[in-house]
Structures are given as structure tokens and as C-alpha cells.
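Chemist: Below is a structure I'd like to ask you about.
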Amino acid sequence: MDRVESEEPMDGFESPVFSENTSSNSGWCSDAFSDSYIAYNPALLLKNDLLFSELLFASHLINVPRAIENNVTYEASSAVGVDNEMTSSTTEFIEEIGDVLALDRACLVCRTLDLYKRKFGLTPEWVADYAMLCMKSLASPPCAVVTFSAAFEFVYLMDRYYLCRYNVTLVGSFARRTLSLLDIQRHFFLHVCFRTDGGLPGIRPPPGKEMANKVRYSNYSFFVQAVVRAALLSISTSRLDETETRKSFYFNQDGLTGGPQPLAAALANWKDCARMVDCSSSEHRTSGMITCAERALKEDIEFEDILIDKLKKSSYVEAAWGYADLALLLLSGVATWNVDERTNCAIETRVGCVKSYWQANRIENSRDVPKQFSKFTSEDACPEVAFGPILLTTLKNAKCRGRTNTECMLCCLLTIGHYWIALRQFKRDILAYSANNTSLFDCIEPVINAWSLDNPIKLKFPFNDEGRFITIVKAAGSEAVYKHLFCDLLCALSELQTNPKILFAHPTTADKEVLELYKAQLAAQNRFEGRVCAGLWTLAYAFKAYQIFPRKPTANAAFIRDGGLMLRRHAISLVSLEHTLSKYV
């Protein structure tokens with residue numbers, strides 16, 4: 001076995017990103033690397049309990065003591081000689097972790113890959129496996145379950161090829177904050193460092209225009225990262241005394257909290273940013289060409305029967321429902337409004353796991369931690385369990401409105417083949433429930449009740465999931481179902497982004513040679529295209545920013561008008577953008 005001594009610090013990192021393996025810090029089962037790798041495989045989550053607990057812990061905010069005094073601002077309370085009362089706050093942690101989303105901050109996932117490449121080399125087998133992870137990431141909806149799985153499998157892939165030979169592991173890197181879940185989200189789902197289409201699926205730039213396309217895509221990337229960063233930073237204000245103000249927030253001319261200044265400036269130009277990477281704009285669309293959304297809808301209709309036939313023939317094991325259980329574990333009490341025994345059990349399990357990991361590993365994880373995060377490993381620090389695993393969520397915001405949350409439980413179900421079809425049938429049943437003019441919202445509860453009576457649920461393929469699907473739907477609540485299926489733009493794009501052919505119709509370990517050839521072809525082709533153009537994503541993130549940071553009615557009206565025009569060009573129909581903007585989040 002080759003042995004490598006780690007350097008401190010490593011190139012591009014303030015602290016070592018990987019650590020030397022010991023019997024206590026890798027945690028992999030003996031058979032973890034024995035089978036061929038398939039990306040987004042819920043069975044892999046059972047191969048390392050230590051890593052699972054680490055990622056769950058790393059998805060929570062950290063509280064540290066801070067001084068406050070009633071009727072004194074944050075800046076004044078820091079002055080010498082002021083007798084301050086101590087309280088706990090997540091503000092400092094949020095501000096440190098939020099720096100990951102700065103435009104001029106290097107991608108630490110890319111830096112990690114470059115470090116491994118220079119120190120150990122990248123084998124063709126690793127490249128093929130990583131290509132499958134990237135391809136399925138582009139075909140998945142942005143949600144907490146997908147982000148958790150991407151982080152877990154990134155560590156899995158690196159350890160699969162480098163743990164045994166070089167005695168190094170990435171297990172522990174998230175707990176030590178040398179990597180963060182925001183790094184994973186940025187690399188795989190926000191900037192998407194491996195994407196090759198410049199944000200315009202199926203459209204090749206004219207010769208000589210490649211540089212301009214990269215600049216346009218960078219502007220899009222800055223915009224969506226600014227929205228997520230602003231949403232994250234706004235969490236800290238909810239824990240402060242009302243008399244305190246944060247330097248990064250201000251009151252704009254509308255008289256309403258506008259969010260951090262970079263976001264306010266970005267929102268003012270969202271339409272120009274979107275137009276440059278919108279496949280429906282006159283600059284990119286030629287006569288007879290369908291938009292990305294129209295193409296995705298057409299492909300989904302064609303593939304549904306193919307997937308049903310596939311599910312009829314396949315024998316599913318218990319691990320197939322792993323992502324449903326993961327969704328309940330991560331989002332119970334966070335994105336749910338109705339409580340039952342399963343959701344209560346999930347909350348207790350999650351909180352217990354986070355606290356146990358912190359108590360057992362705090363001292364170990366304080367070694368080699370980056371300097372700016374050292375204070376968050378002290379005895380006085382502790383995980384903030386009230387917000388749940390918020391760093392895994394798409395928008396990282398704690399707002400609730402109209403019995404909805406910024407993170408959607410139903411989006412998480414799109415990663416499961418059975419549930420992808422079940423949600424489509426569920427929507428059809430709601431639409432067909434009444435032959436009269438009964439509102440769509442009023443049709444939801446009766447359909448939920450009808451599906452609850454069927455055990456197992458009667459579909460065109462075996463669907464005995466032991467009640468998981470209907471449990472999650474009930475826990476989310478009728479408002480969240482209405483928002484997901486008919487109202488919310490981010491949910492609509494998550495459905496369009498989900499590519500069932502890539503997620504569910506690839507070769508399996510039943511024919512390993514075909515599987516390995518498939519992965520090798522993905523790597524050789526190096527064609528990683530999204531399913532939804534970056535212009536639509538710009539609109540979706542702008543919509544979320546308007547929900548989280550309300551504007552004046554005149555600004556809202558202009559935004560709804562411009563956004564509605566773009567949706568019509570893409571043939572996307574949603575119920576009342578005005579209602580969704582003001583009543584949901």
C-alpha cells in the first residue's frame with residue numbers, strides 16, 4: 001500500500017481536506033466498495049453510519065455565545081466597557097459559512113479533485129464513476145435529499161479509489177468544515193462546474209462566441225448564488241433581539257427589508273440576466289424550435305409508459321424506499337405541518353443523531369479545523385436543532401407562509417421512480433376529481449383521503465411502500481401539495497429538471513459490463529447538459545427572492561408581468577403568480 005503524508009495546509013485549503021485513515025475515522029462497511037458504483041443509490045447510505053451522522057450534523061447551524069444588551073445595537077454592544085448579557089446566536093456561523101457563495105470564492109470541490117489528481121492521479125474507472133454522479137446530478141431536482149446524497153457519494157467515490165491504496169479519507173472533512181454542504185450545492189447544483197451547455201440545453205454557441213457565453217453564465221451563477229446567500233443570511237436576524245441591526249442588511253427606498261445590497265442590485269437586473277441564458281428569447285430561438293420546458297414535458301409523457309413497464313418487471317427490495325425515509329428524517333418538523341407517529345419518530349431520531357455525533361466527535365473534529373471555524377468547536381458551542389438540517393435545503397431559509405415552507409417535501413419524492421409516476425397520477429386524479437367547477441384546492445383533500453384508503457395504493461405497477469408516500473403527502477399538507485403541483489415555479493422547474501430516463505433507465509449491476517460501458521461513454525462524450533435553461537432558473541430564484549424579501553406592490557406587479565411573459569413563451573401554466581408570491585414561500 002502506498003502511503004502519503006498530508007501537507008498542512010494543502011493547496012487551496014486552510015486546513016487538510018483529507019485525513020489519514022484510522023480504525024475510528026472512516027466507518028465504511030467491509031463490503032462498501034465491493035459492487036459496481038451506481039450514482040444516487042439509496043443503498044449506499046447504509047454503508048457508513050459515521051459519514052451519515054457527520055453529514056446530518058454538518059447540515060445544522062452552530063450556536064455560539066455572544067454578548068447583547070437591551071436597547072443597544074450590535075456594533076455598540078461590542079464596545080469596550082459595556083456590561084453585556086450573554087446569549088447564544090447562529091449569526092457568526094451563518095456569516096462564515098455563507099462566504100462559500102461569494103462569486104470570487106474558489107470551488108472547494110474542484111480544488112479537492114485537483115488536489116487528488118496532482119497527488120495521486122485520477123484513474124479511468126474513477127472518471128467514469130464521477131461522470132455518472134455528474135450526469136444524474138444534472139437530472140435530479142434540487143432538494144435536501146439530493147444534496148445529502150451528492151455529498152455522501154462524493155466522499156464515497158473518493159474513498160472508494162484512494163482509501164485502501166493511499167490511506168486517506170474524506171470522512172470527517174464536513175465536520176471539520178474543510179468542505180461544506182454549500183460547496184456541494186454550489187458545485188453540483190448552483191454553478192454546476194461540469195456543465196457543458198452554457199446554460200442553454202441543445203444550443204451550441206456560434207464560433208467565436210464561447211467566451212461571451214461563459215460570461216453570461218457567470219452572471220447567472222452570481223445571481224442564483226446571491227439569492228441563496230441572502231436567504232441564508234436572513235436566518236440570523238430571526239434569532240436577534242429586535243433592537244439589534246446587522247451590518248449586511250439595510251432598508252431600501254421601498255421602505256422594506258431588501259436583503260443584502262448585492263442581492264438588491266442583482267434583482268434590479270434579473271430580466272437582463274435571464275434573457276441572456278433563456279432559450280425562448282429571440283436571440284437563441286429559431287423558427288419551429290421548441291423550448292427546453294416543452295421538450296421536457298414531451299419526453300416525460302413518452303417515457304412514463306416505458307418506466308411503468310420497467311417497474312412491472314423489476315423486483316424491488318426494501319432499500320428502494322431509502323430516499324423516502326431520508327426525506328422524512330431530514331424534513332419532518334421542517335417542511336411538514338401535520339404530525340403523526342412517523343414524523344415524530346423522524347424528528348426524535350434526527351435530533352438525537354446530531355446531538356450524539358456532536359458529543360462523541362467534537363474534540364476530534366476540532367483538530368485541523370480552519371481558523372475561522374475554530375470558535376464553533378468550543379465547549380460553549382452547540383448545534384442549533386430548531387431549524388433542522390437547513391444547510392441541505394435549496395434556499396436555506398426558515399420562513400413559513402400559508403402553511404408552506406421554502407423546502408418542498410414533494411420535490412424530494414421525484415428522485416424515486418415509483419413516486420415520480422405516483423405524483424403524476426396523483427395530479428391527474430385531482431384534475432379529474434370533479435366534473436364541475438370545483439376549485440383545484442378543494443379537490444386535494446378528497447383525493448388524499450381516497451389514496452389513503454388503498455393499501456397498497458393501486459397503480460399500474462407494484463407499489464407496496466408500506467404507506468410512505470401517503471404519509472409524506474399528508475405530513476406536507478394540502479397547501480404544500482397545491483403549491484407544488486399547481487403554483488410554485490421552483491417546484492415546476494424541479495419536475496421539469498427531473499429526467500426519468502437518466503435517473504431510472506440506466507444499466508444496473510445485473511449486467512456489470514453494460515453498466516461499466518455506459519459510464520465510460522458518459523465520461524468520453526463529456527456532454528453534461530441541463531434539462532432546463534438557466535433563464536428559467538433565473539426567474540425561479542428571482543421569484544423566491546421576491547417572496548422572502550417583499551417589495552412594493554408596483555415592483556411586484558412589474559415582476560409578475562415580466563415573469564408571466566417568460567412562462568408563456570415556455571408554455572408553463574401556473575395558478576396565479578400573484579397569489580403564490582404573497583401567500584406562499
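Here the Cβ of each residue, glycine as well, is placed from N, Cα and C on the backbone.
Under the heading region 'Disordered', Swiss-Prot lists 1-25. Here Swiss-Prot flags 107-193 as region 'Zinc finger 1', drawing on sequence analysis. Residues or ranges marked as Zn(2+) 1 binding site by Swiss-Prot: Cys107, Cys110, His187, Cys193. For 408-491, the entry in Swiss-Prot reads region 'Zinc finger 2'. Here Swiss-Prot flags Cys408, Cys411, His484, Cys491 as Zn(2+) 2 binding site, drawing on sequence analysis.
Are these features on the surface or tucked inside, and what touches them?
Modeler: Taken residue by residue, the region 'Zinc finger 1' (107-193) breaks down under DSSP into 60 helix, 2 strand, 25 coil.
Counting every protein chain shown, the Cβ of Cys107 (Zn(2+) 1 binding site) has 16 other Cβ atoms within 10 Å.
Helix, strand and coil residue tallies for the region 'Zinc finger 2' (408-491), in that order: 57 helix, 0 strand, 27 coil [DSSP].
There are 23 other Cβ atoms within 10 Å of the Cβ belonging to Cys491 (Zn(2+) 2 binding site).
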Chemist: Sort out for me which one of Cys193, Cys408 has the most neighbouring CB atoms within 10 A, since those are the binding-site residues we care about.
Modeler: Cys408
Chemist: Out of Cys110, Cys411, which has the highest number of nearby Cβ atoms, where nearby means within 10 Å of its Cβ, if these are the binding-site residues?
Modeler: Cys411
Chemist: Write out the long-range same-chain contacts of His187 (Zn(2+) 1 binding site), meaning residues 6 or more apart in sequence whose Cβ is under 8 Å from its Cβ.
Modeler: Cys107, Val109, Cys110, Cys193
Chemist: So for His484 (Zn(2+) 2 binding site), how many other CB atoms are inside 10 Å of its CB?
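Modeler: There are 25 of them.
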